[in-house]
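Annotated signal peptide per Swiss-Prot: 1-25, in sequence order. Feature annotation from Swiss-Prot assigns beta-D-glucoside binding site to 46, 149, 194, 195, 338, 409, 456, 463, 464, 472; the stated evidence is similarity to another entry. As annotated by Swiss-Prot, N-linked glycosylation site applies to 63, 114, 363, 416, 417. The active site, proton donor annotation in Swiss-Prot covers 195 and is backed by similarity to another entry. Here Swiss-Prot flags 214-222 as disulfide bond, drawing on similarity to another entry. Residues or ranges marked as active site, nucleophile by Swiss-Prot on the basis of similarity to another entry: 409.
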């Protein structure tokens with residue numbers, strides 16, 4: 001008996017024990033609506049590698065990760081998982097796990113090396129994504145494509161500050177149109193931006209993500225930036241870029257291609273630290289400043305009232321024409337969820353040291369009276385709290401007119417400090433996804449229009465500021481050889497998604 005077959009048999013026995021004990025009994029893909037989509041996700045910079053190959057130009061992340069000290073252990077995505085060369089092997093793994101869909105992003109500078117049409121379209125990049133899309137479809141899966149996952153072209157960052165300038169809107173729409181034109185005959189699910197909150201707040205408020213801008217009183221390492229204004233300006237230009245791309249797609253491509261388009265928004269769920277009115281207010285402000293910042297404009301046409309009232313002229317305004325274009329600019333919403341926090345009201349910040357982080361006047365923590373809200377994960381900012389996902393989905397139904405939702409990221413990590421046999425035994429990940437899926441199921445039964453669930457992530461990969469320390473994948477990747485190994489969770493997913 002081969003090693004692979006032996007491991008598969010052992011895992012089948014392990015699953016059998018769980019089912020006999022009633023732990024996961026009768027809970028499978030058939031517990032969900034027939035058209036529910038199950039998948040897993042990735043991102044170009046975190047996976048592809050080949051950062052100077054195939055005609056690709058540099059992005060802000062290529063630049064940022066090469067600055068010593070910016071990333072843990074000075075890791076980078078130069079090679080990453082070498083998905084650029086190994087994607088056929090990896091798509092076969094997805095098929096083995098019975099996935100319905102694969103979520104991935106298109107690297108802007110692999111299509112437009114200097115970010116602009118004036119620099120020419122890179123035919124090698126187009127060919128790569130055509131081949132990837134075709135292979136995903138040939139394996140019976142749905143490509144779920146993100147147009148922008150934080151990798152702004154370095155040329156545009158150098159030319160006019162990237163998303164700090166409204167000039168980015170036209171450049172982004174040009175890039176999006178190349179994607180629609182080249183791939184839209186086969187891609188039926190588009191998302192314009194992944195987690196614009198993270199890009200804006202971490203790249204321009206904290207300075208810990210590319211392009212690494214912040215006020216000096218936030219961090220001496222940034223060198224340049226304004227944490228009180230730049231996150232809001234960048235987010236505003238993202239809204240305008242998103243809306244313009246959606247408008248283009250709807251008028252020029254959607255009538256014939258018959259696809260759908262939306263935005264992926266990340267948020268936490270929040271619980272009052274105590275039952276006071278002040279802390280309940282802190283919960284709402286916390287939601288407004290991370291979730292409402294992006295949901296309110298695309299659903300209601302403007303930023304939340306708390307943001308508008310408290311930020312004053314630091315928050316850009318939409319013109320009536322822009323508001324009309326932004327409002328309703330989605331066919332579905334992608335929601336990324338990882339954790340829940342307690343929220344406690346705090347006094348207004350020092351007016352001389354304003355920053356996005358303090359503007360919501362709420363302190364968020366995973367602990368109350370020394371006890372965590374849920375088990376603390378390897379990355380200590382995350383707490384495993386499955387009911388939070390259900391509450392978030394119900395809140396979205398109430399506040400945002402029950403939109404079509406895909407849970408586009410949900411996952412748990414472990415550290416890169418275990419032996420291979422230990423790394424493959426990830427029962428905590430099985431429990432994590434099973435419980436979160438049960439709460440998604442509860443939300444559906446309560447009328448929330450959830451249409452899909454994507455794990456984060458397909459394979460262990462480059463995790464931004466933490467480099468390769470955190471492992472979120474269903475597949476273990478040996479960092480020296482890049483060989484892929486299936487974790488126990490991948491076999492659980494395979495069985496969970498098996499069709500009768």
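Placed from the backbone N, Cα and C atoms, the Cβ positions cover glycine too.
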Out of 63, 114, 194, 416, 417, give me whichever of these recorded positions has the highest number of other Cβ atoms within 10 Å.
194
Candidates 195, 214, 363, 409, namely the recorded positions, that fall within 10 Å of residue 456 (beta-D-glucoside binding site) by Cα distance:
409
For a quick check of packing: other C-beta atoms within 10 Å of the C-beta of residue 363 (N-linked glycosylation site), how many?
16
Sort out the sequence-distant neighbours of residue 214 (disulfide bond) for me: same chain, 6+ apart, CB within less than 8 Å of its CB, listed by position.
204, 205, 206, 207, 222, 225, 227, 355
Recorded beta-D-glucoside site residues 46, 149, 194, 195, 338, 409, 456, 463, 464, 472, farthest C-alpha pair in Å:
18
Candidate nearest residue 338 (beta-D-glucoside binding site) in space, where candidates are the recorded positions 114, 363, 409, 416, 417 and distance is Cα-Cα:
409
Return the residues near residue 46 (beta-D-glucoside binding site) by Cβ distance under 8 Å, restricted to its own chain and a separation of at least 6 in sequence.
77, 80, 81, 457, 461, 462, 463, 464
To the nearest whole angstrom, state the Cα distance for the pair residue 114 (N-linked glycosylation site) and residue 416 (N-linked glycosylation site).
35
Taking only the Cα atoms, work out how far residue 194 (beta-D-glucoside binding site) lies from residue 363 (N-linked glycosylation site), in Å, as a whole number.
25
Does DSSP put residue 46 (beta-D-glucoside binding site) in a helix, in a strand, or in coil?
helix
Tell me whether residue 363 (N-linked glycosylation site) sits in a helix, a strand or coil according to DSSP.
strand
